[in-house]
Amino acid sequence: MTAPLLETRGLTMRFGGVVAVDAVDFTLEEGELRCLIGPNGAGKSTFFKVLTGQLLPSAGTVRYRGRDIAGAAPHAIARAGIGIKLQTPSVFNGLSIRENLWLAARRKNGAKRADAVVDGVLSLIALAGSTDRIVGTLAHGQRQWVEIGTVLAGEPDLILLDEPAAGMNHDEVGRTAEIVRAINRTTSLIVVEHDMAFIRMISDRITVFNRGSVLMEDRADAVMRDQRVRDVYLGKKAA
Amino acid sequence: MIRTVLSLRVTLLCALGAAVLAGLAPQFVDTFTLLQATVFVAMAVLALSLGFIWGFGGILSFGQAAFFGLGGYAYAVGAFNFTDSTVPVILSMLVPMLFAALLGYFMFYGRISNVYVGVITLTVTLILFNVVNSTAGDAYRIGSAALGGFNGIPSVPGITLPFTGYAFAPEDDWYLAAGCLIVVFVGLKLLLASHFGRVVVAIRENEVRASLLGYDPRLYKLLAFVVGGGIAGLAGCLYTLWGAFISPTIFGLATSAQIIIWVMIGGLGTLIGPVLGAVAIQVLVTEIGGQQLLDANFVLGAILLVFVLVLPAGVVPTVERGVAALWRRGRRGRPGPAEAPAAHPLPGKALS
């Protein structure tokens with residue numbers, strides 16, 4: 001058996017006395033699509049930030065394809081092949097849609113190939129209207145797609161999506177689910193979401209976070225039936 | 001992409017036009033005006049250096065005066081020590097670039113926030129002022145150049161070409177300054193259209209996103225800062241050539257503030273804005289100097305106030321936006337064949 005794509009052991013992130021991520025052991029296989037759920041403050045976004053080098057973990061290891069990347073700089077982790085869409089849209093607001101994607105595609109491609117990659121991604125995320133529009137003028141849902149497109153244009157091997165469907169209407173959520181499934185044909189994904197309908201549309205396996213640690217890990221139907229999961233979402237103290 | 005190519009062509013055409021104008025200028029204006037134009041142009045190069053790193057790199061440096069002064073001093077010291085001007089001119093850019101690399105390394109790799117970059121660059125400029133100011137006396141010599149402390153270095157030798165030994169006349173200094181402005185302008189335009197330049201702008205827009213795409217913001221900011229330092233150094237060389245003199249006042253607060261005012265008034269985020277701002281303000285200050293009614297600093301202060309309150313974007317971006325709005329309105333006001341029926345919906349409805 002080959003090494004897993006991503007593996008954390010005892011990964012911990014402390015902010016003073018607060019332990020946001022508490023000794024998390026997490027494994028993701030090549031080609032997997034994993035959903036992360038959990039109530040607000042469970043440590044999902046912090047977990048993502050540690051994985052992508054935006055935060056320096058207090059303890060533990062992160063192995064990506066067998067290589068320890070814990071504490072590496074964000075750009076080095078991005079170069080290793082991990083792309084992330086942040087919770088609040090993080091795009092180049094003053095630049096055009098095409099320029100946003102091009103900047104991602106051009107890093108490891110020549111100018112010509114970068115243009116081809118951008119065209120491919122644009123047809124996948126299928127934004128309506130001109131791609132010369134300035135991203136800052138777009139609606140929230142569209143900017144989310146631009147950010148997903150930008151991440152895709154970087155051609156990563158592992159994509160982390162932090163609430164890709166947040167603030168979207170029903171149709172937009174459906175389309176985002178389609179996009180996510182299309183991405184998963186070639187790329188591994190970890191998706192943080194609260195929208196259970198969205199998770200049902202895409203999910204394979206689900207990991208439930210609570211208070212910084214992994215509460216359970218199973219298939220979607222099993223997770224949704226589980227009493228402990230219901231309890232933590234409703235604010236009861238987990239047994 | 002098409003727009004970039006277009007704007008590059010326009011830039012090259014304008015540069016060609018500017019070169020022709022600059023070439024013909026000595027035929028039409030007297031030597032005094034030409035001399036003044038020379039220093040205005042040198043200062044426009046200085047404005048470009050800040051226009052690039054602030055307007056496109058998002059780095060507000062109060063320290064362009066430091067690189068400007070270092071460039072001037074490097075040229076002056078070199079000019080006393082070498083027979084032709086090749087090495088001094090190279091030094092005038094190399095010394096500020098090395099200094100910018102050292103300073104920038106500690107600032108950007110130390111992850112210092114933008115506000116502190118401003119504070120540090122300002123402080124460094126003032127430290128240089130004090131250091132150079134206290135180099136009076138024979139102990140402070142570099143080769144055969146005496147630094148001269150607060151008196152500065154007088155009678156700095158002008159440009160002497162290698163091999164032929166030709167010494168520049170004032171018109172030649174004008175050609176040199178104008179040529180440098182054009183080359184720096186076109187060079188920056190090309191740089192901004194390149195992959196490197198586009199990443200620099202992206203980092204200004206969103207540093208976190210740029211790093212998550214695999215670009216190291218520290219490196220790009222450092223390189224942009226070094227380029228800006230080199231351009232400011234070149235401007236310092238041109239300035240020293242113009243007056244054949246350099247003194248520590250070049251490192252003063254006034255120089256730093258002036259550069260920022262030029263860029264703000266001309267327009268942040270453009271290249272032509274800082275050039276126009278620098279020239280316009282200098283012409284204005286020179287004009288004010290010729291009369292007794294108003295104090296130049298008072299007028300400058302008032303202009304700055306008006307701009308901050310009314311035109312915070314500066315002249316060039318405001319004009320651009322105005323022209324774009326007029327263009328759109330013009331297209332709406334002229335009903336095309338496709339739009340004509342929509343303008344009269346009622347008769348159409350009645351017919352159907």
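For all residues, glycine too, the Cβ spot is worked out from N, Cα and C.
From a predicted model like this one, the values you see are computed outputs, not experimental measurements.
Some features that TrEMBL has for this protein:
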TRANSMEM  B:32-53  transmembrane segment
TRANSMEM  B:65-83  transmembrane segment
TRANSMEM  B:89-108  transmembrane segment
TRANSMEM  B:115-132  transmembrane segment
TRANSMEM  B:174-201  transmembrane segment
TRANSMEM  B:222-247  transmembrane segment
TRANSMEM  B:259-285  transmembrane segment
TRANSMEM  B:297-319  transmembrane segment
REGION    B:332-352  region 'Disordered'
COMPBIAS  B:335-352  compositional bias 'Low complexity'
Long-range neighbours of the transmembrane segment (B:65-83), counting only residues six or more past its ends (CB under 8 A): 46, 49, 89, 91-96, 99-100, 121, 124-125, 128, 132, 142-145, 147, 153, 156-158, 160, 165, 228-230, 232-237, 239-241, 246, 248, 250-252, 255-256, 259
Proximity verdict for the transmembrane segment (B:89-108) and the transmembrane segment (B:115-132), three or more C-beta pairs under 8 Å: yes
Same-chain residues near the transmembrane segment (B:222-247), Cβ under 8 Å, at least 6 residues beyond its ends: 35, 38-39, 41-43, 45-46, 48-50, 52-53, 56-57, 59, 61, 64-65, 67-76, 88-89, 92-97, 99-101, 103-105, 108-109, 148, 150-159, 168, 173, 176-177, 180, 184, 188, 191, 196, 200
Leading stretch by Cβ pairs under 8 Å, where the reference is the transmembrane segment (B:32-53) and the options are B:115-132, B:174-201, B:297-319: B:174-201
Long-range neighbours of the transmembrane segment (B:174-201), counting only residues six or more past its ends (CB under 8 A): 4, 7-8, 11-12, 15, 18-19, 22-23, 25-26, 34-35, 37-38, 41-42, 44-45, 48, 52, 56-57, 159, 168, 210, 215, 220-221, 223-224, 227, 231, 234, 238, 241-242, 271-272, 275
